[in-house]
Amino acid sequence: MTTVYLVRHGETDWNAEKRMQGQTDIPLNSKGIGQAEACGASLLASDYDVVISSGLQRARKTAEIINSYLQLPFEVMDDFAERFFGDGEGLTMEERSKLYPDFNYPNQEELDVFAKRIMTGLEKVQEKHAGKRILIVAHGQVIYRILKIVSRDQVDLGKQKIENTSISTIAWENGDWVLKDWNRVEHLKQVKKA
């Protein structure tokens, strides 16, 4: 059975400011580095086979910190980059609400194109790493969309967000992805609020 552990990247300043990042390449802040350290330390005793990361620096740095504890083969897959939000990127929630009350941002990646990209990425992972335990460090919308698709829309977090460095688990069983759990954050109890 292939098991995939989806980890959201650590916090950035834009996360703290509630700015839409999308594919704008923002680094981790000090709290985000601490979250990645806590996540890595919590996984130390676990048995994983490979770490895969989005190529955006906030995910890649999170993955590198986690992997400093695990010392596993490391890959970068752009299939798991965050959705491109076009003209919405860099704007706060308040600014987005004023400029684009329907949240339809000009020039953004279409939802079906985004979903196909990330699910194709999962197919590649399943083919290359069948039967293994894979830790993928990605982004909030990537993880949320995977959870919605895998659960056949049974997971709707509503206003709850995918937390920074939370862990969600899916498994390949009988020819299909199955949701095991989502948004686990118990490892963050040791991270002080910045």
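Using N, Cα and C of the backbone, Cβ positions are placed for all residues, glycine too.
Feature annotations, reproduced from TrEMBL:
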{"type": "ACT_SITE", "residues": "His9", "note": "active site, tele-phosphohistidine intermediate"}
{"type": "ACT_SITE", "residues": "Glu82", "note": "active site, proton donor/acceptor"}
{"type": "BINDING", "residues": "Arg8, His9, Gly10, Glu11, Thr12, Asp13, Trp14, Asn15, Arg58", "note": "substrate binding site"}
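Features as recorded by TrEMBL, highlighted on the structure.
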residue	record	Cβ contacts under 8 Å, 6 or more apart
Arg8	substrate binding site	Val137, Ala138, His139, Gly140, Ile143, Ile162, Glu163, Asn164, Thr165, Ser166
His9	active site, tele-phosphohistidine intermediate	Leu28, Gly32, Ala36, Ser54, Leu56, Arg58, Ala59, Lys61, Thr62, Val137, Ala138, His139, Asn164, Thr165
Gly10	substrate binding site	Leu28, Asn29, Lys31, Gly32, Ile33, Gly34, Gln35, Ala36, Cys39, Arg58, Lys61, Thr62, Ile65, Asn164, Thr165
Thr12	substrate binding site	Gln21, Ile26, Pro27, Leu28, Asn29, Gly32, Arg58
Trp14	substrate binding site	Met20, Gln21, Thr24, Ile26, Gly90
Glu82	active site, proton donor/acceptor	Gln21, Gly22, Gln23, Ser54, Leu56, Ala138, His139, Gly140, Gln141, Val142
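A helical conformation is recorded for Arg58 (substrate binding site) in the three-state DSSP classification. Classification of Gly10 (substrate binding site) by DSSP places it in coil, neither helical nor stranded. When every Cα pair among Arg8, His9, Gly10, Glu11, Thr12, Asp13, Trp14, Asn15, Arg58 is compared, the largest distance found for this substrate site is 15 Å.
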